[in-house]
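Below is one structure, written out as structure tokens; the observations come after it.
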Amino acid sequence: MALPLRPLTRGLASAAKGGHGGAGARTWRLLTFVLALPSVALCTFNSYLHSGHRPRPEFRPYQHLRIRTKPYPWGDGNHTLFHNTHVNPLPTGYEHP
């Protein structure tokens with residue numbers, strides 16, 4: 001006895017069901033405008049308030065940091081590729097801008 005073959009249809013696909021996504025889209029739109037956008041604005045404002053200039057920490061010449069066994073192949077050989085004079089010290093200390 002042979003089993004009846006069903007036609008290949010998309011019976012479980014969401015496109016086959018009607019009126020499926022209306023409530024979910026409304027919920028996510030509400031969450032975006034009520035929760036996400038004010039949170040981004042609040043974080044931006046907080047970042048703006050705390051964006052003042054902070055003094056550099058005191059330089060401490062630790063023996064295990066900033067070891068140069070051979071020079072870098074660019075520049076003077078002492079600065080790293082993405083060296084920032086305001087943040088990154090050299091082995092001898094901070095640079096004076």
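Note that Cβ sites are derived from N, Cα and C of the backbone, with glycine treated the same way.
Taken from Swiss-Prot as is:
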{"type": "TOPO_DOM", "residues": "13-24", "note": "topological domain 'Mitochondrial matrix'"}
{"type": "TOPO_DOM", "residues": "50-97", "note": "topological domain 'Mitochondrial intermembrane'"}
{"type": "TRANSIT", "residues": "1-12", "note": "transit peptide"}
{"type": "TRANSMEM", "residues": "25-49", "note": "transmembrane segment"}
For the transmembrane segment (25-49), distant same-chain residues with Cβ under 8 A (at least six beyond the ends): none
Helix-strand-coil residue split for the topological domain 'Mitochondrial intermembrane' (50-97), DSSP-based: 0 helix, 2 strand, 46 coil
